[in-house]
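Positions annotated as signal peptide by TrEMBL: 1-30. Look at TrEMBL and you will find C66-C72, C94-C104 tagged as disulfide bond.
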Amino acid sequence: SAEPAAQSPMKLMALQLLLWHIALWMVPEAAPLSPASSLPQSFLLKCLEQVRKIQADGAELQERLCATHKLCHPQELVLLGHSLGLPQASLSSCSSQALQLTGCLNQLHGGLVLYQGLLQALAGISPELAPALDILQLDVTDLATNIWLQMEDLRMAPASLPTQGTVPTFTSAFQRRAGGVLVVSQLQSFLELAYRVLRYLAEP
């Protein structure tokens, strides 16, 4: 069936967001760092495993939002995301061409902390979705903790844990569910970049 023409601007915005994410990956930031970094292989492999687990959790929540509440297309909700002021995490220090290890780990950790806060803000989303949301939150927290402990081991951690920053308030059940679609979609994009960074670092 033909889709309404009104969706076209939203699809265009979604495409622009995707291109913006790709641009972050390509932008050189500083002197290149060899993939043979000071990070233990066991840590990197564990992180890669955790990222894939979180992506599977996110896909499960997305499927349930689609099946239960007919919220299936993040691009249709982009305008709502702007009105809610949903923040996005950057991985600008993780460019494959010019990686800054300390800055990159800080951004990986800070992004996960941001998504922890956004997922917490979705509490009360609906009884059917609560278990999937809880699992997703726990796994994001585990990965953030893993990265922070490694940063402490390598004396790369900042003096204090980052704060979650300003998290939007969802004022209705619909906003929480629609926000869930947008937050998980953003998280998935962030994790795909994170996976590529970690795989790059794990190369011999």
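Glycine is no exception: its Cβ is also placed from the backbone N, Cα and C atoms.
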For C104 (disulfide bond) and C66 (disulfide bond), determine the Cα separation and express it in whole Å. 33
Cβ neighbours of C94 (disulfide bond) where a neighbour is any other Cβ within 10 Å: 27
For C104 (disulfide bond), the number of neighbouring Cβ atoms whose distance to its own Cβ is within 10 Å equals 23
Distance check, please: Cα of C72 (disulfide bond) against Cα of C94 (disulfide bond), rounded to an integer number of angstrom. 30
Just to verify a number: CA distance, C66 (disulfide bond) to C94 (disulfide bond), in angstrom, no decimals. 32
